[in-house]
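Engineer: Starting off with a structure, shown below.
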Amino acid sequence: MKLSLKDLALSIILVLGVAPPVQALSAEEWKKQSVYNVMTDRFATSKVVPHCDVKAEKYCGGNWQGIVDHLDYIRDLGFTAISISPVVEQLEGPEYHGEAYHGHRPKNYYRLNPHFGNEEDLKELSDALHGKGMYLMVDVAINHTISEYFEDDYFKNTYFDKTHIDHKCKEHCSCHHDKFPRPVPHNGTKPDHKPWKHEEHCHHGKFPRPVPHNGTKPDHKPWKHEEHCSCHHDKFPRPVPHNGTKPDHKPWKHEEHCSCHHDKFPRPVPHNGTKPDHKPWKHEEHCHHGKFPRPIPHNGTKPDHKPWKHEEHCHHGRFPRPVPHNGTKPDHKPWKHEEHCSCHHDKFSRPVPHNGTKPDHKPWKHEEHCHHGKFLRPVPHNVTKPDHKPWKHEEHCHHGKFPRPVPHNGTKPDHKPWKHEEHCSCHEDHSVHERPSAKGALEDYIQTFVETFQIDGIRFDAMGDKYRKYWPDFCKAAGVFCMGDLKSSDSLKVCDWQNDLEGLSNFPVRESAVKAFLMNNPEGIVDLADKMTDMRGLCVNPLLLGNFVENKDLPRMASISSDPATLKNAIAFVLMGDGIPMMYNGQELAMRGEEVPYNRPAIWEKGFPKRNPYYKFTSTINRFRKAMIESKDGEAFLNMQSDISIVDKRILLLRRGKVITVLNNLGSYYIHFHYTVSAEEHKWMDVLSCKSVPVQDNRQVFMVRNGEPMILYPEESAYEMGLCPSPIQLTEDYNSEGSLSINVEEAQTSKAPEQNRGFTNVLAALLLSLLMIL
């Protein structure tokens, strides 16, 4: 018998158990997985690091080698896959809510984040996972890209040679490095269409002084310092109106535009020329003797030339709301309250631009000039858009604490892209997906990245709700299963998106789930059941949605409730509810954190305790789920949506095949709850406690003790699969917390393929191969 060298090599590979390259998991195979979400910087470190100060929002020292060193912690927890935070190089520096440890400020997609390791470290993590029969999903923050640069020579000495996308972005904002930005007006508003000079839009104090359009001056010359700056050096500026409004076109005098007296807040003086008699304004006509000013607009702008009434120019809150000129309204009618006042009663006002600048001369809509955070987001003039359509939210807003307005590229007279210093947010430019060159480069990148590091799945972090048609192409280029993070609680919207991207985070169900198990929410179970029913009726395949209650951007369950029953019911729902289970690192330890950054603590500071009751509880359910999937009933269990039943509004029954998950919001202090069913079908056992359900008069009585969840499975099958010890094995010192983790581990070991074969078996197989050759 002759055997080629190729056949010999294949024979030796098969004998020695060397696996071929990992094949991409299909969507159906991902349904079998239980995913542990890891924030790389906060999970584990391979070096000695100081205490992690989460409030500082800096890198704490977690890395890929640390994950490799603690894979057994994740595997023993029962998870079969991990999802790690973005891996690419980030912009450095503490701007925009601290350092980019979270991975949302990508600088260069073709370089790895040196804080986490190098190319070999990431490959080692991938290989280590696959060696344990586990899988790797990576977060990709594509929606945070703004770069317009593609340079072939930039990637020398990187892990592969491709054109790149690099953020060549400097800090734009203020004229000097203080806490508040200085927005740059549209270049097109200057008569000569040249860029604005520094002195035309900046002031070196703590607060900016905006410069009006140059075109409003009669002589079209630049504004002088004294024409737009404070009359004296106090903390707040005094704006100077347009010179052209004076009858004689001469400069304004100091007393005409400065505070009536030297207090802490200014009183702006309107144009003298607007009075019907053209005489100077009297003190009482433009000043108010309280602590806060109420500016008085021009009397002459009112159609009837009568004095303004108090309610027309004052607001009784702590901060004034200026009233724009009535004359700018097309109909010359008085401004309505909602047109010039704050959208809601907070500490900061939202100025309303002139209505006359809109192409249709209709009133501005709420969403066009307001933002519900503490800081305002100015809305540029609609007329500057090439198509004259309304600005969309993402075109002028920034979701951080400070605004960075980004004008539309098409508004420049020469139609060239805006330069960084002209508009300047360093990230959050959403137009990258519309540029064919960038789209192609990103698709090339993700394909090469997946192949290089043997990635099994991609998660689109902070996907946003724009460019819907872009994501399927990007996922197709990756060639692996994709999970999109579409942050919306709208069932209809999420299910509609699933027509294009089958994997999505189930935010609608999550919103109901975090409230469902709270003892003080008697309607919570009903609301959760209704939301699950909605998703079932609307979505193409709800079983491919990510099922979760925590992530790096949301409050942790232990901060919402400290009740152990609530926390365990939430864990049981994540792992046994419909969809792909996805648990955020630290939930298995009931870690706290109400908001960012406090919900991102360092896991290693807890010491990876496997005796933690929530760790053991999570491990028990995960191992049961895996054993169930690998059983003869696995296909039915995996592909069946839960039959939903509600008992007395407080108990939720989710039945999938022979498995009944019993969840509740009774709380730890509720002693017992009885639920009776017929014993004809099965004799049930709770695999979490390994206690059989008692039978009375051919009826089985389920008893919910202290609000803890149950997973019911036929008693005989539980014994056969080794999920629970048989009655012969039971002892009096049975641990009430359950000793399932040990027994299931033993059962799983007996079922799983042996990965470390003995030397004798290898030698025997090798001899057999040699005999075949001979």
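Quick reminder: no glycine exception, Cβ is built from N, Cα and C everywhere.
OK, Swiss-Prot features for this one:
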type: SIGNAL; residues: 1-24; note: signal peptide
type: CARBOHYD; residues: ASN143; note: N-linked glycosylation site
type: BINDING; residues: ASN143, GLU395; note: Ca(2+) binding site
type: REGION; residues: 184-221; note: region 'Disordered'
type: CARBOHYD; residues: ASN187; note: N-linked glycosylation site
type: COMPBIAS; residues: 189-202; note: compositional bias 'Basic and acidic residues'
type: CARBOHYD; residues: ASN214; note: N-linked glycosylation site
type: CARBOHYD; residues: ASN243; note: N-linked glycosylation site
type: REGION; residues: 265-333; note: region 'Disordered'
type: CARBOHYD; residues: ASN272; note: N-linked glycosylation site
type: COMPBIAS; residues: 274-287; note: compositional bias 'Basic and acidic residues'
type: CARBOHYD; residues: ASN299; note: N-linked glycosylation site
type: COMPBIAS; residues: 301-314; note: compositional bias 'Basic and acidic residues'
type: CARBOHYD; residues: ASN326; note: N-linked glycosylation site
type: CARBOHYD; residues: ASN355; note: N-linked glycosylation site
type: REGION; residues: 376-416; note: region 'Disordered'
type: CARBOHYD; residues: ASN382; note: N-linked glycosylation site
type: COMPBIAS; residues: 384-397; note: compositional bias 'Basic and acidic residues'
type: CARBOHYD; residues: ASN409; note: N-linked glycosylation site
type: ACT_SITE; residues: ASP461; note: active site, nucleophile
type: SITE; residues: ASP553; note: site 'Transition state stabilizer'
type: LIPID; residues: SER750; note: GPI-anchor amidated serine
Engineer: Suppose we draw a 10 Å sphere around the Cβ of ASP553 (site 'Transition state stabilizer'). How many other Cβ atoms does it contain, all chains included?
Structural biologist: 15
Engineer: Round to a whole number and give the Cα-to-Cα distance in Å for the pair ASN143 (N-linked glycosylation site) and ASP553 (site 'Transition state stabilizer').
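Structural biologist: Just about 16 Å between their Cα atoms.
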Engineer: Tell me the Cβ contacts of the residue listed as 'active site, nucleophile' under 8 Å, same chain only and six or more apart in sequence, or just say none.
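Structural biologist: Sequence-distant Cβ neighbours: SER85, PRO86, GLY103, HIS104, ASP139, VAL140, ALA141, ASN143, ASP485.
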Engineer: Measure the Cβ-based neighbour count of ASN143 (N-linked glycosylation site), defined as the other Cβ atoms within 10 Å of its Cβ.
Structural biologist: 22
Engineer: According to DSSP, collapsed to three classes, what secondary structure does the residue listed as 'active site, nucleophile' have?
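Structural biologist: Looking at the DSSP assignment, the residue listed as 'active site, nucleophile' belongs to neither helix nor strand, so coil.
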